[in-house]
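Note sheet for the following structure.
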Amino acid sequence: MPRQILTGKARLAGVLGWPVSHSRSPALHNYWLSRYQIDGAYVPLPVEPAHFVQAVRGLQAVGFRGANVTLPHKEAAYAIADDLDHSALRAGAVNTLVFQPDGRIRGVSTDGDGFVASMEAEGLAPKGRALLLGAGGAARSVAAALQDHGMEVAVTNRTAERAEKLAEALPGLGVVPWSVWEEQLGAYTLLVNTTSLGMEGGPDPMFRPSLRHAARHLVVADIVYVPRLTPLLAEAEQHRLKTLGGLGMLLHQARLGFREWFGHDPEVDADLEAYVRSSV
């Protein structure tokens with residue numbers, strides 16, 4: 001889409017990471033800025049961990065509205081925020097910083113709500129029992145959001161200690177041993193891969209667990225969006241199960257930050273998905 005000419009009143013935001021060149025957020029946000037003719041820009045901000053606090057203060061000083069935060073800065077973002085919303089407190093992490101007019105920083109976690117919104121956009125209700133693969137930051141965000149929507153949630157992880165630690169942080173969260181989760185799939189309505197397993201270029205790009213014990217009503221979701229059809233989703237399709245890819249979560253979580261910084265509630269539609277997909 002054509003670039004907008006910025007003025008001295010342009011609204012500015014970006015994404016802080018190290019590295020940050022892989023992020024699809026600039027393509028996504030600048031698509032919206034152009035589409036809605038907003039005087040603004042969203043830029044990648046490669047910042048080393050040692051300079052994170054200095055970088056955030058600098059962004060505030062030059063008038064940025066806020067920033068997304070990606071690895072390895074999410075813990076530092078949680079620490080620098082003056083105010084944490086419910087999502088950040090539940091997730092124990094921050095991926096969105098909103099700079100307030102009084103100089104305070106509000107920390108938000110949009111991952112969990114973005115995942116639920118991506119489900120609802122496909123006509124899938126967050127109800128019943130969910131099993132999450134993984135026990136990292138993404139798992140906590142998604143688990144917290146699903147619990148907040150009334151689902152009974154359990155996690156399974158190759159390293160059992162991490163799953164137990166996550167269960168301590170989120171009351172009511174169940175833990176299933178990694179060695180038996182495939183056999184117990186019949187008890188769940190939703191399976192979510194919150195790890196990088198199956199990701200192109202990741203540690204195990206061919207990750208394809210068995211779904212032969214799944215109930216016919218199981219929805220299989222993967223937060224990985226490269227490739228579009230992960231081995232897990234391909235396995236689910238072979239079993240004729242409903243699937244949910246990871247790109248929707250990316251788009252819907254970004255929508256929440258865009259609204260905060262640029263004052264417009266953007267639409268997530270097929271044109272946007274195709275545009276972002278072409279940039280992946």
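Don't overthink the numbers, they just go from 1 along the chain as shown.
Every residue gets a Cβ built from N, Cα and C, even glycine.
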According to TrEMBL, which candidate in Gly186, Gly201, Gly245, Gly246 joins Gly134, Ala135, Gly136, Gly137, Ala138, Asn157, Arg158, Thr159, Ala160, Glu161, Arg162, Ile223 at the NADP(+) site: Gly246
Identity of the shikimate-site residue among Thr70, Thr194, Thr195 (reference: Ser23, Arg24, Ser25, Asn95, Asp111, Tyr225, Gln253, source: TrEMBL): Thr70
Same-chain residues at least 6 beyond the ends of the domain 'SDH C-terminal' (246-274) whose Cβ lies under 8 Å from its Cβ atoms: 11, 13, 24-25, 28-29, 31-33, 35-36, 38, 40, 65-66, 68, 95-96, 98, 108, 110-111, 113-115, 117-118, 121-122, 221-225, 228, 230
Max pairwise CA distance, angstrom, over record-listed shikimate binders Ser23, Arg24, Ser25, Thr70, Asn95, Asp111, Tyr225, Gln253: 18
Per-residue pLDDT averaged over the domain 'Quinate/shikimate 5-dehydrogenase/glutamyl-tRNA reductase' (128-223), given as an integer: 96
Spatial neighbour of Thr70 (shikimate binding site) that is closest, considering only the binding-site residues Gly134, Ala138, Arg158, Gly246 and their CA atoms: Ala138
